[in-house]
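Quick look at what TrEMBL lists:
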type	residues	note
SITE	Arg21	site 'Transition state stabilizer'
ACT_SITE	Tyr26	active site, proton acceptor
BINDING	Asn77, His83, Asp90, Ile104, Ser105, Arg114	substrate binding site
ACT_SITE	His103	active site, proton donor
Amino acid sequence: MMAAKRLFLINGPNLNMLGKREPGTYGNASLADVVKLVKDTAWEYGYEVEEFQSNHEGDLVDQLHKADMQAAGVIMNPAAYTHTSIALRDAVSAISLPVVEVHISNIHAREPFRHQSMLAPVSQGQIVGFGIDGYRLAALAIIKKIESEGRHEK
Ligand code: CA2
């Protein structure tokens, strides 16, 4: 099915706190800065972005289902649910869109419980450890993927 030139940007629990706490791990940028970065990047290629953040697992599942009907790809930082959520993994499996998983920090250089991602095996790919620049890299990567597969409307 042809999708509109639209990306969903989905951020999970506590990412609404970005820039307000823990700058040593997550930097000084706010969630609004992340949204602007992704929108500006997508705009360069004629894509629009629908943005969503929630602290609630089921709401994130709902948003993945909505993306399947309305978008051509998803950029997602599932935050702590990365490491725990079979529900989010099943949702990514259930939709037919490419999903790029982003982490601001290098999860592999942190506590062992952050080394495993439930979503990575069902995602298109994972970008970790580049701070919020990872969101721009994810937008570039997913747009290239969408364009190469001709998944979007003209
Ligand atoms: O590095 C990432 O992007 C993470 O997804 C961030 C999650 C963490 O649980 C993952 O292991 C890695 C935590 C997001 C919490 O964000 C905060 C931001 C500012 C202050 C406090 C929390």
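Just so you know, glycine gets a Cβ as well, placed from its N, Cα and C.
Among the binding-site residues Asn77, Asp90, Ile104, Ser105, the residues whose Cβ lies under 6 Å from any atom of ligand 1 are, in sequence order, Asn77, Ile104, Ser105. Counted over every protein chain shown, other Cβ atoms within 10 Å are most numerous around His103 among the recorded positions His103, Arg114. Whole-number maximum of the Cα to Cα distances across the substrate-binding residues Asn77, His83, Asp90, Ile104, Ser105, Arg114: 24 angstrom.
Neighbour counts of Cβ atoms within 10 Å were compared for the binding-site residues Asn77, Ser105, and the top value is held by Asn77. Note on His83 (substrate binding site): other Cβ atoms within 10 Å of its Cβ, all shown chains, come to 16. The separation of Ile104 (substrate binding site) from Tyr26 (active site, proton acceptor), Cα to Cα, is 6 Å.
It is Ile104 that, of the recorded positions Arg21, Tyr26, Asp90, Ile104, has its Cβ surrounded by the most other Cβ atoms within 10 Å.
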